[in-house]
Amino acid sequence: MINYNQIYVAVRIKAYLNAQDKEESCISSFTDKQIVISKSNLYEQQYEFNQIFDSQCDQEQIYLCVVHPIVQEALSGISSNLIIYGSQGSGKTYSLFGTIGSLFTLKQGLISLESGIAIRMIHQLHQQKQISELKIFIIDNEQIINHLTTNGQSKWIDLAKQLCEVIQNLNDSIIHVVIEIKTLQNSKIKIIQIGSVSKGNSGQMVTHNKSIFTLHRCIQCLLDQQKQKKIIQMQRIYIPFRESKLTNLLSNSFLGQAQLKIILCLAPTKIDDALGTLQFGQQFQQIKIIRQQSKLQTQLSVQQQFQTQSQLQLNEFNSMTTQSQTLEMIPIQFHLQKIQELTDKYESIIHYLQQKIIKYKNQ
Ligand SMILES: Nc1ncnc2c1ncn2[C@@H]1O[C@H](COP(=O)(O)OP(=O)(O)OP(=O)(O)O)[C@@H](O)[C@H]1O
């Protein structure tokens, strides 16, 4: 069976900050998976995503639905990338880091209702003592500028203070902000806030820099391959992800080695921006990437197979001996024969697993 890395795309509708915002909303209806955008009853377009979070959803709900599973998987060795995408003022920074008020509470080491999903993730992994390295950096016009590197060994209160300082300095809306965590399980989580995009007067997407342009090219290449009905095995086709820093960061997802999730932040008062954001997310939903197992996953699955097989054999042996005790009449030759059969089975399983390990090491 071919195993695909599915790209999970969720939409977060920005909270209506006043009554006028609600009146000007371009969202005519939505369910938990569908959203309909309309303009003065002249135009209507429906989109489907994995999850639509309505404007009243709080930070914790988003965290539990989208990020908590990423953390759980990272602890079993699976890497993930999470993209936060949206137009200017659509709530990207709010979703990741929270409000100024929540940063104030964070300075005291506290998580509040408004604390963003990135803060919650760092807090959870820190509490579980799973951070081997935490980095926060920005990509500004293809330049990587580091803002924080730590091994996560410091006390939470000290790390929280450092985080506040860093976040307060990230105030340019067209840079990309990256939070990268390496766990003790050797997995990586990258949360990438893509710098704001908006639509120009011509209706074309205005791309602020090379990274976004290259990201669009990568998506297009993946989709073109699919249209030609070729199976996408990323190592064999040219995807230009090395041509920008942003797409390079996402390369493990393009290669099927890491999961990819996207949160689209939607400001319902700006229809052109909203449509651009939803169309961007829709393209990702059409991509299917063949999952490549990581080394750790392969080791784990071989180990799991061995444990399952061993357990099955053990159960078989136990049930056999229990039955024989009750029957009592079964001669010793029968037991010896069964033991020999089991030994043969074990040897073949061990041989099979050894071959798999050799094949895997040679890859
Ligand atoms: N769900 C929400 N609930 C309450 N306030 C929100 C919500 N989303 C966004 N806001 C508020 O809207 C304003 C703009 O949000 P934010 O700065 O997060 O947007 P952004 O997408 O990061 O913008 P930029 O691209 O300019 O950086 C902020 O004052 C933020 O607190």
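Including glycine, each Cβ sits where the backbone N, Cα and C put it.
If you look up TrEMBL, you'll see 6-287 marked as domain 'Kinesin motor'. Annotation source TrEMBL lists ATP binding site at Gly86, Ser87, Gln88, Gly89, Ser90, Gly91, Lys92, Thr93.
Each of the binding-site residues Gln88, Ser90, Thr93 was ranked by the number of other C-beta atoms within 10 Å, and first place falls to Ser90.
Other Cβ atoms within 10 Å of the Cβ of Gly89 (ATP binding site), summed over all protein chains shown, number 17. Residues Lys14, Tyr94, Ser173, Ser196, Cys265, Ala267 surround the recorded ATP site, their Cβ atoms falling within 8 Å of the Cβ centroid of Gly86, Ser87, Gln88, Gly89, Ser90, Gly91, Lys92, Thr93, which are themselves excluded. Long-range Cβ contacts of Lys92 (ATP binding site) within its own chain (separation 6+, distance under 8 Å): Ile84, Tyr85, Gly86, Gln193, Ile194, Ser196, Cys265.
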